[in-house]
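Asker: Feature annotation from TrEMBL assigns compositional bias 'Basic residues' to 1-17. Annotation comment: TrEMBL describes 1-28 as region 'Disordered'. Annotated transmembrane segment per TrEMBL: 52-71, 83-108, 120-138, 158-175, 182-199, in sequence order. For 563-755, the entry in TrEMBL reads domain 'FtsK'. Residues or ranges marked as ATP binding site by TrEMBL: 580, 581, 582, 583, 584, 585, 586, 587.
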């Protein structure tokens with residue numbers, strides 16, 4: 001019994017301690033701010049101390065360099081010289097540089113703050129290095145560990161005959177225990193662990209975080225203690241009631257009851273709570289506490305007076321419903337209610353008196369109070385005196401109390417998230433660490449070399465009787481631009497026609513002349529760099545411009561010649577045409593666009609439809625939550641996907657008309673305002689990687705869908721990105737160009753292709769590998785930009801990270817619509833001539849595209865589509881080379897099947 005009672009006492013004390021720690025629940029925010037300020041002050045103090053220690057280590061290191069290597073520091077320096085070599089042997093030469101390295105780490109914040117742990121493990125690293133240095137001097141068969149051997153080790157270290165006292169003695173001890181191989185393993189393990197604990201690594205950060213949590217707990221407890229003491233001191237003056245001393249007739253108890261009880265019930269209840277420190281008494285007795293039996297069943301009735309409170313006037317408390325004396329009201333009766341509502345509680349208000357050990361340090365709402373039975377009638381309160389009730393109270397407190405005070409900040413954040421209805425498993429944007437860090441930029445030419453090149457350019461123009469001077473030189477990633485200002489009366493054409501001569505004299509691989517530079521009275525001569533610098537995708541994704549871009553469909557374009565980050569907004573374009581020869585960087589550009597969207601938008605904000613007739617370019621994106629349907633690789637299904645997009649656009653405009661809004665953003669805002677989040681529609685980005693292949697299979701359907709989307713889809717929140725490596729007029733038709741004003745041109749083979757894309761020449765002189773001409777809507781001239789590079793491994797890491805966050809977000813209805821292109825979204829036959837064509841084929845008992853063309857006077861594409869539809873229904877056989885198709889049904893069989901199908905549908909309806 002005694003053992004069990006002791007365990008209960010310990011558990012009760014632990015629970016009481018937790019309850020005390022949560023005393024400031026309503027003031028966590030206020031006190032957390034004070035704690036943060038104190039912690040920030042301590043961090044600043046630590047940083048100052050780190051700098052001081054860094055200066056000390058640097059000074060010691062420099063002094064040891066002079067002492068150990070020059071030996072010119074006088075008597076004290078000679079003593080230090082002998083001591084260092086005696087203790088560390090040959091490693092004494094490395095000791096000063098070790099101090100300097102520690103100083104640099106402190107200055108650069110590459111190690112934890114100087115404290116006992118970092119000091120010990122820093123010294124341990126050097127000692128283990130000394131042991132490794134002594135490895136060659138130690139003989140496994142002749143290990144000496146006596147005190148006399150220490151002197152020999154010291155002398156040998158001074159003479160550089162061994163590894164010094166530390167290395168020889170400790171190394172000998174380890175070899176004796178573990179052997180020579182064990183020494184190597186032990187030393188490497190100790191160094192690795194010590195470095196992890198000293199350097200700025202996750203392990204050391206974890207230990208530092210634990211230390212901060214302990215400090216936070218200590219600070220909060222100190223604040224609680226100070227507040228209690230301050231309230232106890234101010235209580236007599238503010239309350240007007242004298243302090244009860246041990247000389248008073250009322251005996252002191254640890255947990256006074258605020259409700260009346262019979263003597264037996266009172267004694268039983270107090271025995272159950274024996275040892276529990278639920279609150280602090282006003283009285284600090286100098287003698288032993290009186291026994292419970294001395295407590296009278298009812299205290300003598302006292303006249304109504306001002307409520308006894310801890311420094312609170314009339315219940316006006318900044319603590320709300322917690323603290324040491326709350327809403328004051330005049331009360332009288334039995335039970336000394338300290339730290340409770342109303343000071344002395346009477347039988348009349350016992351039913352509403354708060355529970356003393358719950359309200360002593362915690363705030364309990366009315367619902368919780370009712371569930372605990374604290375608002376019960378006086379005759380029911382005695383039920384709380386049973387051990388089972390005590391255990392229930394403990395359990396309830398355990399459920400309503402944070403597990404530790406160190407987690408209060410996390411708890412507050414969780415409450416804020418709950419208030420905002422933030423889902424627990426929300427989408428996490430990929431970290432930029434998944435991408436490689438950009439390499440250090442290498443200057444192609446220094447300022448002197450650039451001036452020489454500029455002078456050479458001016459001389460070249462002078463040789464051809466063109467008076468001009470170089471105003472400015474801008475060195476970019478792949479090209480260097482010379483801004484040349486012609487003299488008055490000099491034609492711009494006189495400079496542009498000298499392109500080949502300028503390239504010859506500058507020994508340039510290729511040049512491009514921009515005449516004139518938009519917004520400047522100068523001609524730009526762009527000369528290719530000898531070693532172009534690669535632009536990393538991480539530079540742009542991690543840039544301020546990209547992070548501050550408000551649109552969810554912003555993407556990284558690249559860097560211009562001046563090094564400025566160029567971020568585009570697909571909403572403003574609103575569609576984009578990308579063209580370039582094979583290997584020019586077109587596919588990488590598409591990958592950077594998709595990557596930008598993954599870093600910018602949530603899956604329910606932007607949905608992607610990827611069409612990849614080449615099969616291998618975009619297939620790795622299958623499974624990401626942003627995809628509306630799996631990557632479409634079949635050209636016929638691609639046409640169906642575009643047709644679905646047209647129907648979706650039409651449907652969205654119907655929704656807009658019903659709600660009297662003009663675009664997707666206004667519609668979504670209205671739905672959120674109406675508390676209808678399920679009706680919020682995502683933006684849809686359709687990316688076609690190879691338009692030429694689609695135009696070969698179904699040119700009319702594809703072109704019609706693209707044109708309709710390009711004309712109308714902007715307000716519906718749907719955007720097209722069309723790419724092709726064959727920018728000929730039969731692929732990039734005039735109708736497509738007219739409806740897609742924003743273009744990106746990579747390196748092409750001829751000026752004709754450049755004009756097909758941009759309507760101007762210049763793309764044929766690009767360098768490839770991401771070098772592009774970017775012509776957004778509203779720009780008069782295209783801008784030369786170096787596109788970013790993203791490797792396959794970086795793409796794979798980002799995709800894997802996104803896939804691990806949950807299942808894909810495929811829309812099965814859209815997939816079914818694309819898989820069965822013969823029917824539209826509403827189940828209607830896609831072509832009105834299909835039934836007539838079926839009847840004609842059954843009558844003729846043969847089928848071909850040309851036969852339908854002649855019979856119905858339609859084009860080849862429509863006739864072929866009807867034949868494909870009839871084949872999908874199973875009426876005719878698939879094509880078999882030059883052989884004619886077989887008709888699989890007779891006329892009677894077909895109509896009998898139709899009738900039976902209709903009859904079955906009617907029976908199902910009646911049922």
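Glycine too: its Cβ is placed from the backbone N, Cα and C atoms.
Automatic, uncurated: that is what TrEMBL annotation is.
Have a look at these and tell me how they're positioned relative to everything else.
Answerer: Through the fold, the transmembrane segment (52-71) approaches residues 77-78, 80-81, 84-85, 92-93, 95-100, 102-104, 106-107, 114 of its own chain, all at least 6 residues removed from its boundaries and within a Cβ separation under 8 Å.
A simple way to gauge crowding: the CB of residue 585 (ATP binding site) has 26 other CB atoms within 10 angstroms, across all the protein chains here.
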Asker: Taking only same-chain residues 6+ apart in sequence, whose CB is under 8 Å from that of residue 584 (ATP binding site), what do you get?
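Answerer: Spatial neighbours, sequence-distant, of residue 584 (ATP binding site): 746, 747, 748, 766, 768, 769, 771.
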Asker: According to DSSP, does residue 585 (ATP binding site) fall in a helix, a strand, or coil?
Answerer: coil
Asker: Under 8 Å Cβ to Cβ from residue 586 (ATP binding site), same chain, six or more residues apart: give me those in sequence order, or none if nothing qualifies.
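Answerer: 578, 579, 580, 723, 725, 746 - these are the non-local Cβ neighbours of residue 586 (ATP binding site), listed in sequence order.
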Asker: Go through 580, 583, the listed binding-site residues, and name the one with the sparsest Cβ surroundings, counting other Cβ atoms within 10 Å.
Answerer: 583
Asker: Look at each of the binding-site residues, 582, 587, and point out the one with the fewest other Cβ atoms around it within 10 Å.
Answerer: 582
Asker: Enumerate the residues of the same chain, 580, 581, 582, 583, 584, 585, 586, 587 excluded, that satisfy the criterion Cβ within 8 A of the mean position of the Cβ atoms of the recorded ATP site; list them in sequence order.
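Answerer: The answer, listed by sequence position, is 725, 746, 747, 768.
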Asker: Please work out the number of neighbouring Cβ atoms within 10 Å of the Cβ of residue 581 (ATP binding site), leaving out its own Cβ.
Answerer: 20
Asker: Which value does the mean pLDDT take for the domain 'FtsK' (563-755) in this predicted structure?
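Answerer: Overall, the domain 'FtsK' (563-755) comes to a mean pLDDT of 89.
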